[in-house]
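Undergrad: Relevant sequence annotations retrieved from Swiss-Prot are reproduced here:
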type	residues	note
ACT_SITE	H706	active site, proton donor
BINDING	R17, E18, L19, K20, K117, R526, C527, W572, E616	5-methyltetrahydropteroyltri-L-glutamate binding site
BINDING	I442, G443, S444, E495, D610	L-methionine binding site
BINDING	I442, G443, S444, E495, D610	L-homocysteine binding site
BINDING	H653, C655, E677, C738	Zn(2+) binding site
Amino acid sequence: MSALTSVSGFPRIGQNRELKKIIEAYWKGNTTLDEVRATAKELRAKHWKLQQAAGIDLIPSNDFSYYDQMLDTAILLNVIPQRYQRLAFENPEETLFAMGRGYQGEKGDVTALPMKKWFTTNYHYLVPEIDSATDIKLNSTKPFDEFNEAKALGITTKPVLIGPYTFLKLARNPQAEELDYDKGLVNAVAAVYAEVVAKFAELGVQWIQIDEPYLVLDKEPGDVELFKSLYAKILPAREGKVKVLLNTYFGHIADVYETVNLLGFDGIGLDLNEGKDENLAAVEKYGVAEKTTIFAGVINGRNIWRNNYAVSLGLVDALKQVTANVAVSTASSLLHVPFSTEGEDGLADDVRKHFAFAVQKLDELHEVAVLADASDDEKKASAELAANQALFDGTRVAADPAVAKRIASLTDADFVRQPARAERQKEQREALNLPLLPTTTIGSFPQTKEVRAERAKLRKGEITKAEYDEFMKNQIDACIKHQEEIGLDVLVHGEFERNDMVEYFGQNLNGFLFTKNAWVQSYGTRCVKPPIVWGDVSRANPITVEWSAYAQSRTDHVMKGMLTGPVTILNWSWPREDITHEQQTQQLALAIRDEVLDLEKAGIKVIQIDEAALREKLPLRKTDWHKKYLDWAIPAFRLVHSAVKPTTQIHTHMCYSEFNDIIKDIDAMDADVISFEASRGDLVVLDAIHDANFETEAGPGVYDIHSPRIPSEQEIEDRIYEILKKMDVEKVWINPDCGLKTRGNAETWPSLENLVAAAKAVRAKLAK
């Protein structure tokens, strides 16, 4: 007999990204919707059977999605804005894709829903829009269909839902500054969830998992009452036939645990990775309701390192001192880790044994559950426990003394750039001689099949390095020529040689490991393959200098060097767990600093250091923002560029994030120019820029590159005027909101032509 095991969620893209490939083929018209549905059904069955074979008791269903689970929840509740309903698609999947990607075709022209980061992960969710026209009602059978689908295979699953509290807190009203949680809205949402719970009870469901990750955030006035009022209406629908697990993750719920414990949930899921100390203290202080099971989230759903069984067992034992009702669970959905280490033969066995991807985490979960109920003698005799402990005894990788020496020699002066920004801006305007409202792009240009094929040929040894370089130079030449023709002011080389903005740098730094197939979903069908920080990081040789110098030699325009910043490299990698994030970021900062100075020596006058993921790992509770993150993340960025000349213009770029609350910290990065991804956020960041007297020049994105639609010149011109209402014209740059790598040339160049034309039109009007 072992403790009950529960998986919060499982990756849905497939071991070989089957879901991504079939959906993208459908978007291109190369397959049918029936084929998409068939592939999805095969994947669901495979994933359920894998979990069943691993001995998992509570296997999730309804964790699958074609695009995003928040989007699925919006559709479940009929939270579908009128602009999408008017498209009148025959198939619900088409409506879902239009909401996620936008639509431009014979049925109309609509933008996508806003997209934001899912808490502190690199996953993105679609933001539901609730307005006066929204008619909340049960609108989908997806959760029930997938439960029945698994049941037909002989597997009784645990349906998973995003909870009503989290859904409402993440939704927005596009017609108002804030969503009003009025009684009518709250009752309508609660009624749908109660109806869902009742239907599950009729179907013979034993457990329902309702995810409420928003509970781990700071509470605003009224939040606790909102939560209580929702569940006061939902929980009675159980009627004693079905159990409800309230699942929380990405932090602790110590401030509301007492309330949650008294509401009568059958299970409470606690994250014992990120919220370990606070959650344990709350359980010890307030106890556990008699009929409630605590689901101990001990298997990390956010990183790829092996679980330390001794630590996990200690956490389970601590809970057992309070209650006998303890289940063992993943700390969060396994959506955020790759599928399996199987097939990663590029990693040596003595390296690979330190990693656990989703499939391996199933085995870890089962083994921890068995050991949790074992006697002391059985634990001592356990080969699994001994083998696991051996992974953590001794030193995994030797430290690099040169890296340690360099960090120890840093002084306060290394983190401060001279002269002050206002003086630098004067010198840069004179040196660069750019027009008002200068136009540029964020860095990458579309990577065609031919570009990807050429990289693959080099990797397989089918072409020489010289042949590869010649091909890439031709790509750069064509990209530069096209940028010159449409009239962009600051050019880029296109980044054709880069597979990924993080992996590319990792491949050229000491201390990283790489996988063949460790893909994770970022948004929609977009997947990323993060590198692994294995040891101390340093730069062996220049990385980008040759390409940037070549590009500058091919044009009289200003050429922008393109780098990825240290915080983003760490946040979009699998970080080490044996040293702190601060230590790893400082190592990365010194490596990128060397590259910045070499670019400057090579004649590159504008250098962009992307910190796309800076906001991503900001702690969810404000009291932790500075002491646990910003106090070392911001100085790390300054360390990268502090030694350049005053005339060298330092740019940075930030992706899907909410910046308003840390705008002063962003200004403190001391960059000369920053581009924000802002087009899907309705430019709300402009108010923060205005109110904070933001000193950095800025380019809020004027169109959304994550949608295939082409913005008109007038649309972009209107956007520019919106920006100018809040910003000094001399501090405004005009750019798309992100890199163009994942777009096609067919939409990229017309969009940029409209961008340049709009900027010129505004300049002309301002000159009158």
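Indices start at 1 and increase along the chain as displayed.
Cβ coordinates are placed from backbone N, Cα and C, and glycine is handled just like the others.
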Undergrad: Taking the residues I442, G443, S444, E495, D610, which the record names as binding L-homocysteine, find the longest CA to CA distance and state it in Å to the nearest whole number.
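TA: Output for L-homocysteine binders I442, G443, S444, E495, D610: max Cα distance 13 Å.
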Undergrad: Measuring Cα to Cα, how many Å separate R17 (5-methyltetrahydropteroyltri-L-glutamate binding site) from C655 (Zn(2+) binding site)?
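TA: Rounded to the nearest whole number, the Cα-Cα distance is 24 Å.
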Undergrad: When the number of other CB atoms within 10 A of each residue's CB is tallied over all shown chains, which of the recorded positions R17, K117, H653, H706 has the maximum?
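TA: Answer returned by the neighbour count: H653.
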Undergrad: Helix, strand or coil at H706 (active site, proton donor), per DSSP?
TA: coil
Undergrad: Specify the nearest of the recorded positions K117, C527, E616, H706, C738 to G443 (L-methionine binding site), where nearness means the distance between Cα atoms.
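TA: Closest by Cα distance to G443 (L-methionine binding site) among the recorded positions K117, C527, E616, H706, C738: C738.
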Undergrad: Within 10 Å of each Cβ, count the other Cβ atoms, then let me know which of the binding-site residues L19, I442, C527, C655, C738 comes out lowest.
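TA: Counting other Cβ atoms within 10 Å of each of the binding-site residues L19, I442, C527, C655, C738, the minimum falls on C527.
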Undergrad: Between the Cα atoms of L19 (5-methyltetrahydropteroyltri-L-glutamate binding site) and C738 (Zn(2+) binding site), what distance do you get, rounded to the nearest Å?
TA: 25
Undergrad: Can you name the recorded positions among I442, E495, C527, D610, E616, H706 whose CA is within 10 A of the CA of H653 (Zn(2+) binding site)?
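TA: Candidates kept after distance check: I442, D610.
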Undergrad: Roughly how many Å separate the Cα of H706 (active site, proton donor) from that of C738 (Zn(2+) binding site), to the nearest whole number?
TA: 8
Undergrad: Any idea what the Cα distance is from K117 (5-methyltetrahydropteroyltri-L-glutamate binding site) over to S444 (L-methionine binding site), rounded to a whole Å?
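TA: With distance taken Cα to Cα, S444 (L-methionine binding site) is 21 Å from K117 (5-methyltetrahydropteroyltri-L-glutamate binding site).
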Undergrad: Compute the C-alpha separation of E677 (Zn(2+) binding site) from S444 (L-methionine binding site), stating it in Å without decimals.
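TA: If we compare the Cα positions of E677 (Zn(2+) binding site) and S444 (L-methionine binding site), the gap is 15 Å.
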Undergrad: Between the Cα atoms of E616 (5-methyltetrahydropteroyltri-L-glutamate binding site) and I442 (L-methionine binding site), what distance do you get, rounded to the nearest Å?
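TA: Spelling it out, the Cα of E616 (5-methyltetrahydropteroyltri-L-glutamate binding site) and the Cα of I442 (L-methionine binding site) are 19 Å apart.
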Undergrad: Can you tell me how many other Cβ atoms are located within 10 Å of the Cβ belonging to E677 (Zn(2+) binding site)?
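TA: Taking all protein chains shown, E677 (Zn(2+) binding site) has 25 Cβ neighbours within 10 Å.
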Undergrad: Spatial neighbours of C655 (Zn(2+) binding site) among the binding-site residues S444, E495, C527, D610, defined as Cα within 10 A: which are they?
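TA: Matched binding-site residues: D610, sequence order.
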Undergrad: List, in sequence order, those binding-site residues among I442, S444, E495, C527 whose Cα sits within 10 Å of the Cα of C738 (Zn(2+) binding site).
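TA: Those close enough are I442, S444.
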